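Visitor: Swiss-Prot lists these features:
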BINDING   Glu40, Ala43, Gly45, Pro442  Ca(2+) binding site
BINDING   His63, His379  Fe(II)-heme a binding site
BINDING   His242, His291, His292  Cu cation binding site
BINDING   Tyr246  O2 binding site
BINDING   His369, Asp370  Mg(2+) binding site
BINDING   His377  heme a3 binding site
TRANSMEM  17-37  transmembrane segment
TRANSMEM  58-78  transmembrane segment
TRANSMEM  104-124  transmembrane segment
TRANSMEM  147-167  transmembrane segment
TRANSMEM  184-204  transmembrane segment
TRANSMEM  236-256  transmembrane segment
TRANSMEM  268-288  transmembrane segment
TRANSMEM  311-331  transmembrane segment
TRANSMEM  339-359  transmembrane segment
TRANSMEM  373-393  transmembrane segment
TRANSMEM  413-433  transmembrane segment
TRANSMEM  453-473  transmembrane segment
Amino acid sequence: MYIQRWLYSTNAKDIAILYFIFAIFSGVIGSTMSLIIRLELAAPGNQILHGNHQLFNVLVVGHALLMIFFLVMPGLVGGFGNYMLPLLIGASDMSFARLNNISFWLLPPALVCLVASTLIESWAGTGWTIYPPLSGIQAHSSPSVDLGIFAIHLTSISSLLGAINFIATSYNMRTNGMSYSKMPLFVWAIIITAVMLLLSLPVLTAGVTMLLMDRNFNTSFFEVAGGGDPVLYQHLFWFFGHPEVYILIVPGFGIISHIVSTYSKKPVFGEISMVYAMASIAFLGFLVWSHHMYIVGLDADTRAYFTSSTMVIAVPTGIKIFSWLATLYGGSIRLAVPMLYAIAFLFLFTIGGLTGVALANASLDVAFHDTYYVVGHFHYVLSMGAIFSLFAGYYYWSPQILGLYFNERLAQIQFWLIFVGANVIFMPMHFLGLQGMPRRIPDYPDAYAGWNYVSSIGSVIAIISLALFIYIIYDQLINGLTNKIDNKSVVYSKAPDFVESNTIFANNSIKSASIEFLLNSPPAIHSFNTPAVQS
């Protein structure tokens, strides 16, 4: 029975639950790796890795790949996408139900490959970008890097199949009257993410496949001795790598839009503009990849183009930030836990974006490249963008998904812990970068000791917060119905939120701009067997 339900499942909701469990599992491993990294860097000299500098780089690779491919993408796209997208457009399931199943079940073998690569010979200590010649056969002669490449292949296939599924579902399975202009913002976010995945992943797969050939079959795509060029790999990788960071954050944009709207009791300001802004970000994201490569010897005109085109991305991003602020302005704001995360997201994502504008300048980036300033920048965007929106989405939708409620007070404590912890980790990294501390090193001169120690303290705070989050999930599953009594986050309210064209909204006690809260909680195995009508 269990095997039939969970192994052979073709039901989007069950597959989404599997994605969530997988994401939390991977996230715990990835966070543990980051804690080990920070403990090693807490003071100058060797702390806990006994001078094994290869192992340090292996931890960096493991942390990066786990957090990106095995936590954020399965969580935001696979989990929330599979569960909420059909509900938000009034579909009974995803378009290709069995394809959905294989999309998930390609991920555990990928995780096995990645973990196995850390158990073989000298492991893969290449940095998450897997640049040759360090990832070539001379520098890494063991099969570890090959296993890592297989893991990337499997996650890529998984994401591609999922992307095809999302696009087909939102194209074919919208309910009566749900035109594109009436689709909720989260659905738009998932569609735009799926298009980006579809266009960028094949390029990554091509790049790592060439690397595989270089390593095992004596080709010389990236081998200077045979007429190849490592810079080609960097172009292929970053043509995927830059859209990838938008793939990680755009579903978060969608979630934050829903939360800001619901807890301000207002429709999102400029909804169509928000869609255009997301689409512009996605389009421009494909035109800026070489800003990761200012120091490889691009000529001045190329650098000028990539500087200016990167700065242009700040415009649609600014439109989104100010539209969210306009949504909050004059709203009847309720500071439930999801709303706290959304407001923190706005503040911290903006800071991350501002440091990004500094890095966009080719002249400045020559100094900042490969320093901790870059680490601080992208962790502000990912840790306090993507991860905060994961938490926000969990606290917003999990009572609806599970029919069980979390402990509001514990959730507030967890929010403040991770808010403080994440800032204490990543703010000092900017200072270290300005002082010139390089990335991917396990040891450093004494001058950098102070801020590194502060950063490591923040890491411990954040890990405590994550442990508390795991406990909150446990408590939600055990005491979920008791918690319902004093939970403020749930989307119940007595007064009408805002005038709806749809009478069901107007008469229902549950207020949100989208239809998922009109269903039972938890929703039936197949919701919308009778099609809903969007007036």
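From the backbone N, Cα and C atoms, a Cβ is placed for every residue, glycine too.
What's the neighbourhood like for each of these?
Guide: Every protein chain considered, the tally of other Cβ atoms within 10 Å of the Cβ of Glu40 (Ca(2+) binding site) stands at 22.
The Cβ neighbour count for His379 (Fe(II)-heme a binding site), using a 10 Å radius and every protein chain shown, is 20. When secondary structure is read from DSSP and collapsed to three states, His379 (Fe(II)-heme a binding site) falls in the helix class.
In the three-state DSSP assignment, the secondary structure recorded for His242 (Cu cation binding site) is helix.
For Tyr246 (O2 binding site), the same-chain residues 6+ apart in sequence whose C-beta sits under 8 angstroms from its C-beta are Thr193, Met196, Ile281, Ala282, Gly285.
The number of other CB atoms found within 10 A of the CB of His369 (Mg(2+) binding site), across every protein chain shown, is 19.
Beyond its flanks by at least six residues, the transmembrane segment (58-78) meets 15-16, 19-20, 22-24, 26-27, 29-31, 33-34, 36-37, 103-104, 107, 110-111, 114, 118, 123-128, 130, 148, 151-152, 155, 159, 162, 166, 190, 193-194, 197, 244, 247-248, 251-252, 255, 382, 386-387, 389-390, 393, 440 of its own chain at Cβ-Cβ distances under 8 Å.
Nonlocal intrachain contacts for the transmembrane segment (268-288), taken as residues 6+ away from its ends with a CB within less than 8 angstroms of a stretch CB, comprise 181, 185, 188-189, 192-193, 195-196, 199-200, 239, 242-243, 245-246, 250, 253-254, 257, 260-261, 306, 309-310, 312-313, 315-317, 319-320, 323-324, 326-327, 513.
Panel annotation: around the transmembrane segment (311-331), residues 253, 256-257, 260-261, 264-270, 273-274, 276-278, 280-281, 284-285, 288, 342-343, 346, 349-350, 353, 356-357, 360 of the same chain, lying at least six beyond its termini, place a Cβ under 8 Å from a Cβ of the stretch.
Below 8 angstroms of C-beta separation, residues 67, 72, 75-76, 80, 245, 248-249, 251-253, 255-256, 259, 338, 341-342, 344-345, 348-349, 351-353, 355-356, 359, 415, 418, 422-423, 425-430, 432-434, 439, 469 of the same chain, each at least six residues beyond the ends of the transmembrane segment (373-393), sit close to that stretch.
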Visitor: Just how many other Cβ atoms lie inside 10 Å of the Cβ on Ala43 (Ca(2+) binding site)?
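Guide: For Ala43 (Ca(2+) binding site), the count of other Cβ atoms within 10 Å is 16.
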Visitor: Among the binding-site residues listed here, His63, His377, whose Cβ has the fewest other Cβ atoms inside 10 Å?
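Guide: Comparing Cβ neighbour counts within 10 Å for the binding-site residues His63, His377 gives His63.
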Visitor: In Å, rounded, how far does the Cα of His63 (Fe(II)-heme a binding site) sit from the Cα of Glu40 (Ca(2+) binding site)?
Guide: 14
Visitor: Counting other Cβ atoms within 10 Å of each Cβ, which of the binding-site residues His242, His291, His292 scores lowest?
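Guide: Taking His242, His291, His292 as the binding-site residues, the minimal 10 Å Cβ count falls on His292.
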Visitor: Please work out the number of neighbouring Cβ atoms within 10 Å of the Cβ of Gly45 (Ca(2+) binding site), leaving out its own Cβ.
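Guide: Within a 10 Å radius of the Cβ of Gly45 (Ca(2+) binding site) lie 11 other Cβ atoms.
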Visitor: Please report the three-state DSSP label of Asp370 (Mg(2+) binding site).
Guide: coil
